[in-house]
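Structure record follows, encoded as structure tokens.
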């Protein structure tokens, strides 16, 4: 059990130079303790307020030996005769002076914070924005609950589509990390038959697994002497290709097989048109690498969707070729990884030239620029100069465009599945646009478009004019590229005639049934 004396506190006060001992119970109130101190000072009780609620003209201030103020309450620190507390009575005037000083300090601090953080301006901006939002809600005639429901529905739809398409753009850059377990895919030995077929536009891209396609891409870089001429590390090339594969999404159309398809067509055009005789090796490297990277991390929804939906990409790139800009950015994020930098042997100036060349070609794949680029090439083709850098750049832009949309150049059994894949991706986008209340392009609407109608216009007005213009410079492509396009156009026109005839028959049947019911 504790001593009875522990229930009491002993405090020593300095009263005009003499030591005054004050003893009080630890259960005393601050009011009682202040009364004791008042008595020790010889002040009348009624003039000493307790807790600032009695007389407002006088109060007590308790200071220790260092001049620090001590709280007057039962838990105040114990002291000794050698270190007594000094009791200072304060009049109302003194309190007012201190309070005024304190208020001045507070005012100055508040002004400093206001100046530093521009609180007033922020308040004004927030108020204005709230007013604008309130006015917008009022004008649109929608209740807050309805707006929240719309937001919730759109959020759920986005999450559902994101789960299907892995739509977070390079989340935490996880996919950009190069693989170090080289070789991570088997090095396939390509037969002579495969090597020769790989150089042809008729190559069947559907017969190969991803690892085999990676080996074919690797072979192309070696076969074109890009690895030898630029002293590339073969292991770095392999790691880079693996990272490229990992950064194409599992979309119906814009996927790694499409990347391989475009690059293989570029390789076949380089071989068929003997471009290594007229282009520099740097140009060949730019053409091949741009083809490999041209659709990196494509989300499966085109630029019009990005712009109309005001996506992160559209905002980031100011509605200017958002997807193509994104493909470029991802490509050079991958090159920034030392283990994936196939350009590590180039000096800064040479790398700058290659980087600009690749960016120019990838941006040229935006179909919104098709007319502009083709018109520019048409003006140059009749007097084309392979020593003119502007002419060569324009030709390279047209070549990557040809390769990007070259599926109908291939045999029907290879080309037709690509048309189905593209329509599937289009329909997926148009369904989402309808759900989100966005504009829908007629050629993407499953209720309005058929495969023949979609392909006929594209082949007649986009593909054939472009390939025929290139044919002026390289006549050797007519039999293997232009003629297949003409045959594909004729085949789809026949299919359209059949579809139209069947629709007419169905229409007459419906009319006859209607007439029969009326009788």
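Each residue's number is its place along the chain shown, starting with 1.
Glycine too: its Cβ is placed from the backbone N, Cα and C atoms.
Feature annotations, reproduced from TrEMBL:
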type	residues	note
ACT_SITE	254	active site, proton donor
BINDING	254, 255, 256, 257, 258, 295, 404, 455	AMP binding site
BINDING	258, 294, 295, 404	Zn(2+) 1 binding site
BINDING	295	Zn(2+) 2 binding site
DOMAIN	178-499	domain 'PDEase'
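All features noted in TrEMBL, drawn onto the structure.
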{"residue": "254", "record": "active site, proton donor", "CB count, 10 Å": "25"}
{"residue": "255", "record": "AMP binding site", "CB count, 10 Å": "19"}
{"residue": "256", "record": "AMP binding site", "CB count, 10 Å": "20"}
{"residue": "257", "record": "AMP binding site", "CB count, 10 Å": "17"}
{"residue": "258", "record": "AMP binding site", "CB count, 10 Å": "22"}
{"residue": "294", "record": "Zn(2+) 1 binding site", "CB count, 10 Å": "27"}
{"residue": "295", "record": "AMP binding site", "CB count, 10 Å": "26"}
{"residue": "404", "record": "AMP binding site", "CB count, 10 Å": "22"}
{"residue": "455", "record": "AMP binding site", "CB count, 10 Å": "25"}
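Comment: AMP site residues 254, 255, 256, 257, 258, 295, 404, 455; largest CA to CA distance 23 Å, whole number.
The distance from the Cα of residue 254 (active site, proton donor) to the Cα of residue 294 (Zn(2+) 1 binding site) comes to 10 Å.
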